[in-house]
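Undergrad: Just passing along the structure, written as structure tokens.
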Amino acid sequence: MSKKALCIISGGMDSTLCAYLAKKEGYEIIALHFDYEQRTQEKEKECFKQICKALKVEKSYILDVSFIKDIGGNALTDKSIDIPKNELCISDVPPITYVPFRNGIFLSIAGSLAEKENCESIFIGVVEEDGSGYPDCTDEFIQKAQEFINEGTSKNFKVCIKTPLVRLNKAKIVELALKENVPLELTWSCYESEDEACWECDSCLLRLRGFEKAGFKDKIKYKS
């Protein structure tokens, strides 16, 4: 029986690279995507499906967690709150794009699905550099989440949460992704636009900076 990994794939390049690394490690991939009615959900869902096809994933889940939008308090799900433009968040204070406890919610659900699918690992593409001010993107948080899941699931089930990118910067992530032949042109990072990336939100800025520092050109479309 092959070992299985549950890969949380948002449609972005970090989570996609994680899935490719899981495949390289010999895991059978169970792909998981969360729909929380964020601004770019339709584009992210489209990317997720294309990535699953590229990875030859046989089993995938798209789960509705739209209650996150009902909680609100962030610019990703509340269109009345503006997405910050042309400013990278470098602060211990969570930015307005922080979705409260999102990774905690995702990992709790992933733990349940991983137990059902008998996965020995969960891969999640958290990156501490990107998560400056995001308390649920730290290595310490992930370790606590792993303990929580293993404490709350059956005694014969143990899962390891793997975060291979947590200490990398965006340039290193781009370099590694291209080395592993990850189709980054299928991924999406923009917080605001679904047709052409805005190049102004902090997610676009981080992505563009990563490509620039790595010395490569990003192949996705950006607004002129």
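Glycine is treated like the rest: Cβ placed from N, Cα and C.
Pulled from TrEMBL, these are the listed features:
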{"type": "BINDING", "residues": "ILE9, SER10, GLY11, GLY12, MET13, ASP14, SER15, THR16, LEU17, CYS18, ALA19", "note": "ATP binding site"}
{"type": "BINDING", "residues": "CYS190, CYS198, CYS201, CYS204", "note": "Zn(2+) binding site"}
Undergrad: How big is the gap, in Å, between the Cα of CYS201 (Zn(2+) binding site) and that of LEU17 (ATP binding site), rounded to a whole number?
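TA: On Cα coordinates alone, these residues lie 21 Å apart.
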Undergrad: Inside 10 Å of the Cβ of LEU17 (ATP binding site), count up the other Cβ atoms and send me the figure.
TA: 25
Undergrad: Hey, how far is ILE9 (ATP binding site) from CYS198 (Zn(2+) binding site), Cα to Cα, in Å?
TA: 21
Undergrad: Determine, from DSSP, whether CYS190 (Zn(2+) binding site) sits in helix, strand or coil.
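TA: CYS190 (Zn(2+) binding site) sits in coil per DSSP, no helix or strand.
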Undergrad: Of all the binding-site residues given, ILE9, GLY11, ALA19, CYS198, which residue's CB has the most CB neighbours within 10 A?
TA: ILE9
Undergrad: Give me the sequence-ordered set of same-chain residues, not including ILE9, SER10, GLY11, GLY12, MET13, ASP14, SER15, THR16, LEU17, CYS18, ALA19, with a C-beta within 8 angstroms of the centroid of the ATP site's C-beta atoms.
TA: ILE51, GLY125, THR187
Undergrad: So around the Zn(2+) site, CYS190, CYS198, CYS201, CYS204 aside, which residues have their CB within 8 A of the centroid of those CB atoms?
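TA: Close Cβ neighbours, site residues excluded: ILE83, SER189, TYR191, GLU192, SER193, ALA197, TRP199, GLU200, SER203, LEU205.
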Undergrad: Counting Cβ atoms within 10 Å of each candidate's own Cβ, which of the binding-site residues MET13, CYS190, CYS201, CYS204 comes out highest?
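TA: Buried the deepest by this measure is MET13.
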Undergrad: Measuring Cα to Cα, how many Å separate LEU17 (ATP binding site) from CYS190 (Zn(2+) binding site)?
TA: 17
Undergrad: So, three-state DSSP: helix, strand or coil for GLY11 (ATP binding site)?
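TA: GLY11 (ATP binding site) sits in coil per DSSP, no helix or strand.
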Undergrad: Under a three-state reading of DSSP, tell me whether ALA19 (ATP binding site) is helix, strand or coil.
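TA: ALA19 (ATP binding site) sits in a helix per DSSP.
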Undergrad: Quick one: Cα separation, CYS190 (Zn(2+) binding site) versus ALA19 (ATP binding site), in Å?
TA: 20
Undergrad: Check the DSSP secondary structure of CYS204 (Zn(2+) binding site), expressed as helix, strand or coil.
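TA: Note: CYS204 (Zn(2+) binding site) is helical by DSSP.
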